[in-house]
Amino acid sequence: MHLRVIPCVQQYQLTRTKMEIFNLIFILLCSVFVFAHGFSRNLPILSFDEGYSHLFGDNNLIVLKDGKSVHLSLDERTGSGFESQDLYLHGFFSASIKLPADYTAGVVVAFYMSNGDTYNKTHDEIDFEFLGNIRGKEWRIQTNIYGNGSTNIGREERYGLWFDPCEDFHQYSILWTSTSIIFYVDDVAIREIRRTESMGGDFPSKPMTLYATIWDASEWATNGGKYKVNYKYAPYVAEFSDFVLHGCTVDPTELSSINCEARKSSDSIPIGINASQRVKMENFRKKYLQYSYCYDNGRYKKLPSECVFNAKEAERLKRFDPVTFGGGRSHHHRRHGNGNGKGKRHVAI
């Protein structure tokens, strides 16, 4: 995990009363939204300079002339990354991404939210991770969350895709509210995490920054580290555009800085999944879900309490990977970075 050095600001905690008031405001704000296909297209698109700042990577981060597209590259010297200028407490966050082609084993592109720079031991995180592969094999997408520093419990899911993410841009989005987290690919919900009482502080609940990075994760990213980054194919370039940062900004220096003023209804965001979206999500998971921690009995003797057993989903995963989901192999938790403090922490599978 990268560590961003910020000025000495007071560590703060939102009081329970302030949180309750905020949640009420946020729900009222979101309730005016009318569900429709392509809801994200109604939200404002930002230029890079309007919403983001350079994080690391020197000249490996290039903002194109239009100011609305960015190239992040990985070479022998370094990876690269950028971060949002503001902290957010809930909202809708999105970017269109085109991944590098050809041999990409060991390469990880990440689009995620975290507050690890502010809460080192109790950080929250919401992750999209794109895991590279050898030539002829597809990229894999992984989603994960942490809350209150609960990195000992990995909540990963992995998926294939119905398209080649190297051929064109596709939209990847995170919807984060006080009651749920939903991951989207091209406006198709692929995963919903509902906040349950049993999760306690494991549900992300503190303000976070949005990040995008590309880095060398040779130790774990492809077949448990069997295949490494091969720099003869460098630079590896991930392209980003169509930036959406639509949420409630929080000033880390002030307790009373929750900024969630009323917005026009056309700019509002959803608070859940309607019936037709849920059907699309279930269809996606039937075809493309490749791993879920909720069915990995070899990894967890007692599954996390928020897991809801779905017999059909369990059977499909067992057919896809009988070793993992048939109970024949256990997994070992490991945390990885890229060695220079700029990578992502990860629980490898």
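Backbone N, Cα and C atoms are what each Cβ position is placed from, and that goes for glycine too.
Per TrEMBL, the features are as follows:
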DOMAIN    20-240  domain 'GH16'
TRANSMEM  21-39  transmembrane segment
ACT_SITE  E125  active site, nucleophile
ACT_SITE  E129  active site, proton donor
REGION    325-349  region 'Disordered'
COMPBIAS  329-349  compositional bias 'Basic residues'
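For the domain 'GH16' (20-240), the predicted model reports an average pLDDT of 91. Cβ-based neighbour count (10 Å, all protein chains) for E129 (active site, proton donor) stands at 21.
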